[in-house]
Amino acid sequence: MPDPQPILQMKGITKEFPGVTALAGVDFRLFPGEVHALMGENGAGKSTLIKVLTGVYQAEAGVAVLAGERVHFSSPLKAQQAGVSTVYQEVNLCPNLSVAENIFIGREPRFLGLINNYPEMRRRSRELLARVDLDIDVTAPLASYSLAIQQLVAIVRAVDIAAKVVILDEPTSSLDAGEVQQLFRVMRRLKEDGVALLFVSHFLEQIYEISDRMTILRNGRLVGEWRTDELSRIELVSKMIGTELSVLEQLEEAPRRQLASLARQEPFLQATQLGKTGLVQPFDLSIHRGEVVGLAGLLGSGRTEVARLIFGADRAETGTIVIDGTPQTVKTPRTAIGRNIAFLPENRTTEGLVGDLSVRENIILAMQAARGWMRPVPPRRRDELVAKYIEALSIRPADPDALVRNLSGGNQQKVLLARWLITQPKLLILDEPTRGIDVGAKAEIQRLVVSLAEDGMSVLFISAELEEVLRLSHKVGVLRDRRLVAELANDESLTADRIMQTIASGEGS
Amino acid sequence: ACGDGTQDNDAGGADDKIVLGFAQVGAESGWRTANTKSIQDSARAAGIELQFSDAQQKQENQIKAIRGYIQQKVDVIAFSPVVNTGWDPVLKEAKAAGIPVILTDRAVDSTDTSLYVTFIGSDFIVEGQRAADWLIKEYEGKTEPVNIVELQGSPGAAPAIDRKKGFGDAIAANPNFKIIASQTGEFTRAKGKEVMTAFLQSNPDIDVLYAHNDDMALGAIQAIEEAGKKPGTDIKIISIDGVKDAFQAMVDGKINVVVECNPLLGPQLMELVQKVVKGETVEKRILTEEGVFTQDQAAAALPSRQY
Amino acid sequence: MTRHRLFWPVLVLVVLLLGNLIEKPDFFAIRIQDGHLYGSVIDILRFGAPLMLVALGMTLVIATGGIDLSVGSVVSIAGAVACLHISRQADQNAVSGVLLAVAMALGVTLLFGAFNGVMVSWIGIQPIIATLILMVAGRGIAQLIMDGQIITINSAPYKWIGAGWLLTLPAAVLIALTMIGITALIMRRSALGLLLESVGGNAEASRLVGIRARSLVLLVYAVSGLCAGLAGLMISSNVSSADGNNAGLLIELDAILAVVIGGTALTGGRFSIGGTVIGALVIQTLSTTVYTLGVPPETTLIFKAVVVTIVCLLQSPAFRSKVFGRWGPRRTPPPSSGSPSEPTSEKVPA
Amino acid sequence: MSTLTTPTGTRLARVFTGRQRYVPILATAGVLLLMWIGGSLTYDNFADLQVLLNVFKDNAFLLVLAVGMTFVILSGGIDLSVGSMLALSTMLCAWLITEEGWSPGAVIPLVLVVGAVSGSAMGAIIHFFEVPPFIATLAGMFLARGLCYVISTDSIRISHPFFTDTANTMVPLGDYRIDPSVVTSLIVVALAFVVLHYTRFGRNVYAIGGNEQSALLMGLPVALTKVGVYAVSGLCATGAGVLYTFYTGAGYSNTGIGMELDAIAAVVIGGTLLTGGSGFVLGTVLGVLVFGVIQTIIQFEGLLSWWTRIAVGALLLLFIVLQRVIGARKT
Ligand SMILES: Nc1ncnc2c1ncn2[C@@H]1O[C@H](COP(=O)(O)OP(=O)(O)OP(=O)(O)O)[C@@H](O)[C@H]1O
Ligand SMILES: Nc1ncnc2c1ncn2[C@@H]1O[C@H](COP(=O)(O)OP(=O)(O)OP(=O)(O)O)[C@@H](O)[C@H]1O
Ligand SMILES: [Mg+2]
Ligand SMILES: [Mg+2]
C-alpha cells in the first residue's frame, strides 16, 4: 500500500507543440512501492508526460517534486542521476552496440577511469537477462535481435539502474504472454523493494493484473486518479474515451468465424517448402481468399520471418509460391506488391515510417510506389483517400500535413495501416498491427480485419496476443524454433491453451 | 628555344646512363605541362633516364618522391618546389646520400645553400618589375592619374606573392599610379573573367589591368569586351607568362605587353645534369632566358611559341 | 512569414545585396548595352548559373541521403570533351558541330554520373567514397583528353551557351532556369519528389513499400552528372576554352553549401529546389560582395566563414529559439535528421 | 513454458553475427595485403621494410589526422576543417617561433590548446545550435585557412635548433631507422584505441553514432561527448600540424589543402561507416596504409602527370570494390 507521502508529484504540467497542446495542466502523483498505470487513448499525452518528467522535453508550465525536492531535469541524464530510470515507448537503445554494452553503457565498471572488466559486464548482463528468462549472446549487436528482445534488454537496463522511480512506457506491446509474466515478476520484486513504478499499457488485463492505482489522461487533460480495484473496465474505458460507449462489449461481440467453404476454393496464395537457412525452416502455407490466417508462437519463433519470406522482404532460398494459380518468384517486396500483397512490418520506426514526411505522404506512399513515379495519384483523389482513412482509423491529429515523426506511437501505427489499406491488397500481412494501439482503436482494427476478409481479402495476422489471433483467424499456424509445427483450424475446440500446448510440445494435433 | 638535343651522348652508355629523378609540382596549368614536356623531351634527347613524379601540388607528395629517389639511388635529383620552405630535412637526406639536387623554376629558402647545387629558373620579382617598367615607360611624361586593377594569382603561391611585390614596389615611386582594386583570379580564365566583370561594374574608369598570368588576362579580356570596352586600347593590359594564346591576343591588339616566364627549361636542365654528374662546377643561380614582348614583336614571335 | 522555410536564406540574400549598395550605390542599376541587360545583378545571375545547375543535381542526390563529390571533375570533363571536339572541326562556327560536341559532352557526363550511381546503388559503396574516386580520377581524365593544355576555341555558337544572350537576358541564366524549372516541375507534378524523399528519409521502409530505390538512386546520380556536365559547358563556353585542371575546382563544396543554405538536410529526405537556387545565389552574391567591397584576398575566406556561419545559425531553429527565445524555453526532441520541422507547404502540389 | 529455447544452429549463427563487425576490417587488411604482394612482385625494392617504414613516416601526420576524424565519424559527424587546422598549426608554430621568438616548449602546447578549443567551439555550434557538422566545419575550414593567410601568405621557415634537431633524430630499429613522428603517431593510435574502447567517453562516441536520440534517452552525456569528439579532432589536427612542422621545418598557409578528404577516405576505407557507430581506429591505420601504398605504387610506377590522378582513382576503385566484394560475401 502506498505511503502517504508521494515520491513524485507533478502539478499543472503544460506542454505545447506547435499546433498541439499535448498536456494541459496535468497533475500526477506516484507513491513508493506502487505500480501506477498511466492510461489514455493514443495521443492522450502519456509519453509526453513521461518525457517532460524525465527532461526530454521542457514543459511550458508546471512543477515536479521528487522525494520532497523541487526538480527540473534538463536532460534524461539528470533524471537518471536523480533516480528516475525510464524505458521510453519506442525501444531507445543503440542498435550498433552489443546487448551487454547497451545494458551497461554510461555506467560501466571502471578502474582508474578505464573500463576494465568486459567479461564481468557480459556475465552480469547474462545474469540480468536470465531474470526475464532470456538466454542470448550478449556480445551480438542489439540490431540482430527482434524487437521483443530489444524491449526486454531496455527493461533490464532500466531496472538494473538502481532507482527510486522506474518508468515503463508500453513495455509489453511486443511481448508475448509468457514474457509479460516474467516482466511482472520483476516489477513485483521492485515494488517490494519500495520502488515506485509507472506503467503504461493498452492491455487492460495487464493493467488490472499489476497496477495498484491509475491516472487517466484524455486529450492532454487529466481525467482523474483512481485505485485500480475501484474502477471497472467499462468505467475505465469510458473515462479514457470520454463517452459512455461500451467498446468492451462490442469487443466481446467481435465475431469468431469459420468458413468451412473456404478450404474448398483455390487458395489465393500457396507457399510450398519456402525457407531460408538461419531464418525459418521450409514451410508450407496456404491462404484462401477471404481467409484470415493467424500465426502464433513465442518470441523469435519465426513468425516475422514467415511473413517476410512471403512478402519477399527477405529472399527465400528454397520453395515456391503460387499466387492466384500462377507460380511466382517473389524476389523483392516490389514483386509481391505487384501481386497485390501488402505487408505491415513489425518495427514501425525502422521499417515503416518515413518520419520526415507528412501523414498524407506516408499514407499515399505504397499506392504511389505501385503506380510508379510517372503517374502521381491525382491530388483530389489523394486527399479524398487520405481524409477517408484518417477518419476511418481516427488518426490524431487529423491533420494530413502533420509530420509523422511527431505523432504518438499508436497513431503512427494507424498511418501505416492506412498506407496499405488504400492499395486494396488481396493479401494483407499484418505483423503486430495492434502494437501500442488503444482499446478503442484496437477493436476498430479487429473489426476492420473481419470486414475486409468478408469482402474477400486474405489476411495473414501475426500478434503476440493469442486471444486476438484466436478471435480473428480461420486457421492458426503455430511456430516454434523457426519451424511451422502445426496448422490448426479455428473451430470451437481451439483455445488459447491448446495453442500453448502445441507450442510447448512442438507438434500439431 | 635551345637546340634539339644534340648533346654529346658519350656519358650515356647502355649501363651507366644518367638517371635523373624529377619531382614535378603537378599539372596545374598549361605552363606546367609545357615545362614537363620540355623536360621529358630533352631528357630523351640527351639520353638521360628520367624518373618522373607528379606531386599534385602537394608538398608532402614531393617530399615522398624525393625520398623515393634517394632510395632508388638516382644520379641527380631535380625538382620544382611547391613552396620555398620546408625542404631542409629531405635535402639533408639527399646530401647524406651524396645525390646532388638541382632546383628548377623557383628557389628554396634555406640558410644552408650547400643542400642544392644550383637553381635554374625565373625570378618572379623581376617579372613583376619588368611589367612595371613597361608601364612606367608607357606613361612617361603624363601627369594624369593612372587607375590600375590587379588580378592576383592564388593566395600563398610564390609567383603571386612575388609578382605582386615586384610590380608594387616598382610603381610605388610614382604617385600617379594607383592600384584601385586587387583581387585574386586564382590564375584561371574563368575567375579572371568573373573578377574583372565585377571590377568593371564597380570602377568606371580603369586604365590598366595587370594580371599575374596570361590565363587571367585572357579571361579578363572577354569581360572587358562584354562591358563594351576595347581591351588593349580603353584598358591597357599587362600580363606575365607568354603562352601562345596571349601572343595571339597581342597580335589582335588586346594585350599590350607580356613578360615572358619561360617553362622550357629542359635543355638547360639536362646540360646542367650532365655537368653535375661529371663533377664540373656550376653557377649557383642560373636565370632562364626571358624577354618582354610588346604588340609589335608579337606577330614575329607567335609562330615559334611552343605552348 | 518567418515560419516559411525560405525566409532566412532569402533574408540573408537580401542583406548581402543591400550590403553591396552601401559600397556601390548604383549596385542595382541595370542598363541596356548592345541590346542586352547589363549590371551587377545580372552578373550575379550569370556567373551563378553553373553553380545553380550543379547544386540542382546535388539537391536530388542529397535528398536520397547521398552526396556527389565528383561534380567538379565532371565539370572539367564536359568542357574538355566539347572543346576538344569543336577544336578539331574545320569550321568551329558550324552549329551542327557544336550541337554534336554538346551532345557528346552531356552523354559522357551522364555516363560518369551513372557510374557513380552504380557504385552507390548496386555495389553499395558509401557515396562519399564512391564519388571521391571520380573526383580524383576525373580531372586526370580531363587533362588526358586535352593533353594537359588549355584548349582555346573560337566558336560563336558554343560561346552562346555561357556568354550569349537571348531576349536581352544571359543565355546561361535562361538555360539554368529552364533546367531548374523542368526539374522542379517533374518533382512536383510527378511523384518522383515524394519517392526520392522517401528513399532518403528511410531506405528500408521505402524498399518495403516497393519503391525501386536502386533505380532512383542511379537516376539521381546520373542527373547530377548531367547537370554538372551542363554547368561545365557553360563554364568553358563562357571563357571559350577548356581548362582540365581548374574548371569547376571546389564547386562541389559550394554546391553542397548552396543546398544546405537552401534548407535541405544533408541526411536526406525533404528537399527544396527553390531553396537551393536561393542558396546558390547567396554564394555567388557573396563572391561579388567580396569584389565590390574590395575584401583583400587574404581575408576573403574569413569573410566567407563568418557569413556562412551567420546564415547557418539563422537557419537553425535551435539557435533562433535559444538566442532570440522566440518560442520560449522550448526544446523539441532533437530530430535525428536535424532538419527543420517547419510546415512544408511548397513540397506538395496542393 | 515461455522459456526461450535457443536452437543450436542459430546459436552458432549468432556467434558469427557478433563477429560480423570485424568483417570490413578483415576485408580491408586482406586487400591491402594483396596490394602489397602485388607491388612486391611487380617492383624491385618494393618489399624492402624501409619502404614500409617510409610509408609510415610520410603519412604520420595523415594518420594522426585520421585518428581524430575516426572519432568524429564514429559519432556520426564529419570534420572538414582538419586540413586547414593542420595548416594553421604549422603557421602558428612557424610564426610564433621564427617571427615572435617564442620557445617551442611554449608554442607546441599552445597550438594544441588552440586546436582543442576551436574543435570544441565547432562541436558546440553543431550540438547546441543543431548546425549540420558538414557546414559548421566547412566554415571552420574557411576560417582556419583565412587565418593562415592573415598570418602570412608567404611560407615561414623555422630555424630553431629544437625543430631542426628533432627532425633529424632517428630511432634505430635494428638495421632500420624510424622517425620520432612515426613513434608519436603510433602512440596517438594506441591512445585513441584505449580511449575508444576502455573509457566511457569512447563508448559514448559509439552510442551516439548508433543513435543519438537513443543515447540521449539512455541518459548518456550527449552534449559533452559530441563537443568532446570535435575537440579531439581539433587536437589531432593541430597535433598533426606539429608533426608536419617537424616534417618540413616550416609553416605554409597552403599546406594540407584537400587533406580532410584524404583523412575521411582513409577512415572510411578502414571500414568505418560514415553513418556512425561502427568502425575501429585500427581500421583507420589500415586505411592510411592503403593511401600510402597507393602513393608508393604510383611513385614506383613513375607515372606522368595526369596518369597519376587516374591511377589513384583506379587503384582506389579497385581497392574499394574488392573490399566490398570480399566483405559482402561474408555477411
Ligand atoms: N515532438 C512532437 N511534436 C509535435 N507534436 C507532438 C510531438 N510529440 C508528441 N506530439 C503530439 O502530442 C500528443 C500526445 O502524444 P503522446 O506521444 O504523448 O501520446 P501517447 O499518450 O503516448 O499515445 P500512444 O498511446 O499512442 O503512445 C499527440 O497529439 C502527438 O501528436
Ligand atoms: N530467443 C531468441 N534468441 C536469440 N535470438 C533471437 C531470439 N528471438 C529472436 N532472435 C533474433 O531476433 C530476430 C527476429 O526474431 P523473429 O522476428 O523471428 O521473432 P518473431 O517470431 O517474429 O517473434 P516476435 O515478433 O514476437 O519477436 C532473429 O533474426 C533472431 O536472430
Ligand atoms: Mg506513447
Ligand atoms: Mg516478429
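Keep in mind that glycine also has a Cβ here, set from the backbone N, Cα and C atoms.
TrEMBL labels come from automatic prediction, so no person has curated them.
The transmembrane segment annotation in TrEMBL covers D:21-41 (among others).
Per TrEMBL, the feature transmembrane segment maps to D:61-94 (among others).
Annotation source TrEMBL lists transmembrane segment at D:106-128 (among others).
Residues 78-81, 83-85, 87-88, 91-92, 95, 118, 122, 125-126, 230, 253-254, 260 of the same chain sit 6 or more residues outside the transmembrane segment (D:134-152) yet have a Cβ under 8 Å from a Cβ within it. For D:134-152 (among others), the entry in TrEMBL reads transmembrane segment.
Within the same chain, residues 53, 56-57, 60-61, 63-64, 67, 70-71, 74, 171, 205-206, 232, 236, 239, 243, 280-282, 284-285 sit at least 6 positions outside the transmembrane segment (D:182-199) and bring their C-beta atoms closer than 8 Å to a C-beta of that stretch. If you look up TrEMBL, you'll see D:182-199 (among others) marked as transmembrane segment.
Sequence-distant contacts of the transmembrane segment (D:227-249) (same chain, at least 6 residues past either end, Cβ-Cβ under 8 Å): 60-62, 64-65, 67-69, 71-72, 74-75, 77, 79, 81-83, 85-90, 92-94, 108, 111-112, 114-120, 122-124, 126-127, 137, 157-158, 163-164, 166-167, 180-181, 184-185, 188, 195, 201, 205, 208, 255-256. Annotation source TrEMBL lists transmembrane segment at D:227-249 (among others).
The annotation transmembrane segment is assigned in TrEMBL to D:261-294 (among others). Packing against the transmembrane segment (D:261-294) from elsewhere in the chain are residues 21, 24-25, 27-29, 32, 35-36, 39, 55-56, 58-59, 62-63, 65-70, 73-78, 82-83, 189, 192-193, 196, 206-211, 312, 315-316, 319-320, 323: each is 6 or more residues past its ends and has a CB under 8 Å from a CB in it.
Within the chain carrying the transmembrane segment (D:306-326), a Cβ under 8 angstroms from the stretch's Cβ atoms is held by residues 24, 27-28, 30-32, 34-35, 265, 269, 290, 294-295, 297-298, all 6 or more beyond its ends. Per TrEMBL, transmembrane segment is recorded for D:306-326 (among others).
If you look at the transmembrane segment (D:21-41), the same-chain residues 6 or more away from its ends with a CB under 8 A from one of its CBs are 47, 269-271, 278-280, 282-283, 286-287, 289-290, 293-294, 296-297, 300, 315, 319, 322-324, 326-327, 330-331.
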